[in-house]
Amino acid sequence: MFSDPLFLLASIGILTCLVIWVVEAIKMDNTSILDIQTPSQSKLSKIGFVFGLLILYSVFINAGDLSIILLLATIVSLVIWITGKFIGNSYLKSSGRSWFIPIFLIFVLRTFMYEPYQIPSGSMIPGLKVGDFILVNKHSYGLKIERTGKSFAMAKDPEFGDVVVFIPPHKPMPFVKRLIGKPGDKISYINKKLYLNDTAVPQNYYKTESGIDFYLENFNGKEITVQHMRSRPSSAPSEWIVPDGMYFAVGDNRDNSNDSRYWGFIPRDNFMGTADYIWMSWECWTCVPSFERAGSIE
């Protein structure tokens, strides 16, 4: 995100507009009507709004971390508020306060409580489908501002069977998978069957539809549905030993998931939280959003 030329250009643009806007506001006498902007300030606000939209667009297409942007915006609005109060400029004080409160609340809610995320692939079918909008519980494994890094409070380790949201080691964007391995565990995948520390994960045949076999697996008391495609042959037996500080996760759609079997282990500090709820499904831009799948994620 920070290396995206569009993001850098928009950031420079919005900072330039902000500096000019603050300088003009300081020049205003304190008797100016607070709700009326000068023509130049109105133009700066419109230009700044466009640059802000470009920043959000860059964050979206690069799967960037919006929490960092919200933190910076919170700090800037607070500085403007304090500056206006310190120098006795009612316009700056009023503007800074009106920006700070909503931005700060959004920052706290999104960073420490729940973050919305859309499922981009079918790797977690049948539980999660392409187009599902989910809420990520950001305090499941502790509180932190950035997506990666150590938690500064309420730290807790992921558990078997959790539907985890994390940043993989090979790509700086969120992935959603099922956690099946913790530090020190031995993971084996033989004939499309999982083994944990040489013990087969309980698996019972459920049904077959359109050439896809569905099975019920039991993880730490959680019964989940996984699927295997009959058209995909079994791969060669594979085995992994999970190193200290690392974890292993796979998709419930075992034959169509880019997961730890292919790109390796997940560092503990890379976990963002757990996928807790589906709140809406929107399969395509021309489709009608649906709430039929809304509910808790198992």
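Quick reminder: no glycine exception, Cβ is built from N, Cα and C everywhere.
TrEMBL entries are annotated by machine, without manual review.
As written in TrEMBL, here are the features:
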type: ACT_SITE; residues: S123; note: active site
type: ACT_SITE; residues: K177; note: active site
type: DOMAIN; residues: 96-279; note: domain 'Peptidase S26'
type: TRANSMEM; residues: 6-23; note: transmembrane segment
type: TRANSMEM; residues: 44-61; note: transmembrane segment
type: TRANSMEM; residues: 67-87; note: transmembrane segment
type: TRANSMEM; residues: 99-117; note: transmembrane segment
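Cβ atoms under 8 Å from those of the transmembrane segment (44-61) belong to residues 1, 4, 6-7, 9-11, 13-14, 17-18, 20-21, 24, 37, 69 of the same chain, restricted to positions at least 6 beyond its ends. Neighbour density for S123 (active site): within 10 A of its CB lie 21 other CB atoms from the protein chains shown. Sequence-distant neighbours of K177 (active site): residues of the same chain at least 6 apart with a C-beta under 8 Å from its C-beta are S123, M124, V163, V164, F166, A249, V250, G251, S257, D259, S260. The predicted model assigns the domain 'Peptidase S26' (96-279) a mean pLDDT of 92.
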